[in-house]
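To start, the structure itself, in structure tokens.
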Amino acid sequence: MTLQQQIIKVLGAKPQINAEEEIRRSIDFLKSYLQTYPFIKSLVLGISGGQDSTLAGKLCQMAINELRQETGNESLQFIAVRLPYGVQADEQDCQDAIAFIQPDRVLTVNIKGAVLASEQALREAGIELSDFVRGNEKARERMKAQYSIAGMTSGVVVGTDHAAEAITGFFTKYGDGGTDINPLYRLNKRQGKQLLAALGCPEHLYKKAPTADLEDDRPSLPDEVALGVTYDNIDDYLEGKNVPEQVARTIENWYLKTEHKRRPPITVFDDFWKK
């Protein structure tokens, strides 16, 4: 088995999907989890205005709507969380995503004050954050806020990780990577677009250039620039297609060096890092 085949198997990626079937699969997955643990009353998700959170948010709200109707349990809710750092550059996209999702509840937590306070506390301890590390600080502050909200609403935090993100480890460890449940896991980027199109999402929300937008020195840096490969390249690779040798090397290098991000904390029983 080639490394490409191993990666595809591990991530559960498929070369082709039926959008309606995958929508149903994700909704039923969320509903099943909530029904298994009836003490869970809310799904909590940060909404950025990008493709992934828009899709995950819509699926969460659909799952909650169905469960309320089927069980009569009106205490169930989906909470969409706005998490700007100061003023969000693509604010209108975020508003459009909220309008599309129609969440039960919308909360806004501006993380800038908390990030600056943390940065100052570290500075006083003699640690000056680089712009890149400050970006990770933002991602972790966003997740901290979501877990606080989940804790106060008997909720779980929903993630947006999918195969095209997991393969490159393109997320912050214990930031956007630190979630409870990931309904998009298995899909690649273009497949996520297929689901949004089937759901009637405004096209500009899934046709925009994806960006983590964490760095102050490089605002709105496209993911594809940071990764050195395009999402079309990554999706082709995940679908088992032949890609240029350099592209395959880049993707596989990202996969191998970020393996620790896809695993629980390393213990004495782990040996993947020795290979």
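Counting begins at 1 with the first residue displayed.
Positions of Cβ are set from backbone N, Cα and C atoms, glycine also.
The annotation ATP binding site is assigned in Swiss-Prot to Gly46, Ile47, Ser48, Gly49, Gly50, Gln51, Asp52, Ser53, Thr160, Lys189, Thr211. With a 10 A radius on its CB, Thr211 (ATP binding site) counts 20 other CB atoms from all the protein chains.
According to Swiss-Prot, the Mg(2+) binding site annotation covers Asp52, Glu165. Around Glu165 (Mg(2+) binding site), a 10 Å sphere centred on its CB holds 29 further CB atoms from the protein chains shown.
There are 16 other CB atoms within 10 A of the CB of Lys261 (deamido-NAD(+) binding site), with all protein chains counted. Positions annotated as deamido-NAD(+) binding site by Swiss-Prot, on the basis of sequence analysis: Arg140, Lys173, Asp180, His260, Lys261.
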Which of Gly46, Gly50, all binding-site residues, has a Cβ with the fewest other Cβ atoms inside 10 Å:
Gly50
How big is the Cα-to-Cα gap, in Å, between Asp52 (ATP binding site) and Lys173 (deamido-NAD(+) binding site)?
18
Lys173 (deamido-NAD(+) binding site), number of other Cβ atoms within 10 Å:
15
Can you give me the Cα-Cα distance between Gly46 (ATP binding site) and Asp180 (deamido-NAD(+) binding site) in Å, rounded to a whole number?
13
